[in-house]
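What Swiss-Prot says about this protein:
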type	residues	note
BINDING	37, 38, 42, 150, 151, 152, 153, 154, 174	D-ribulose 5-phosphate binding site
BINDING	38, 153	Mg(2+) 2 binding site
BINDING	38	Mg(2+) 1 binding site
SITE	136	site 'Essential for catalytic activity'
SITE	174	site 'Essential for catalytic activity'
């Protein structure tokens, strides 16, 4: 990733710390992956604190595929089958079947309804019957080990939520341009600045975790 583009957001470690602070303050974070991978930016928010207004922003400026990143333990708790048995997607993205809250929603597609679905899925006592299938929220199962195992936005979201002190569950959506194309780094940086979001790369997070885990050992 071009560090000159990112310099206004600080050093790699500062970017991670700023992202964690933003999440704790209830703000969103823009997460960029490598230019040689998907080369896109995802807006992420804690599943616990995301507001209807933030969900509306995400739907308005994103791909429309609003995803809830969860752990394997949560997937099992909710009894969510993986979307396909044989995942042939380019990056092995861990989609489960889609979900809708069983209660408290209308069509399920509005920002308010999607927040209701997210909250139902992450409740401590959530059970499979709390969710209908299919729905308008796309759960993503993260790999154990986070970004040190798989350098994806799903794992980055779980890692950031955990480091920030939240439940390991977060909402993400890819940023798109007004013309329908995917937003790349320059557009993601402009959007993050406009909407008071922190910005971090998956590469930053990998280095941060490696450094802190070396210290811990």
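The backbone N, Cα and C atoms fix where each Cβ goes, glycine too.
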Recorded positions listed as 136, 153, least Cβ neighbours within 10 Å: 136
Residue, out of the binding-site residues 42, 151, 174, whose Cβ gathers the largest set of other Cβ atoms within 10 Å: 42
Proximal residue to residue 136 (site 'Essential for catalytic activity') among binding-site residues 42, 151, 153, 174 (C-alpha distance): 174
Residue 153 (D-ribulose 5-phosphate binding site) in three-state DSSP notation: helix
Secondary structure at residue 42 (D-ribulose 5-phosphate binding site), reduced by DSSP to three states: strand
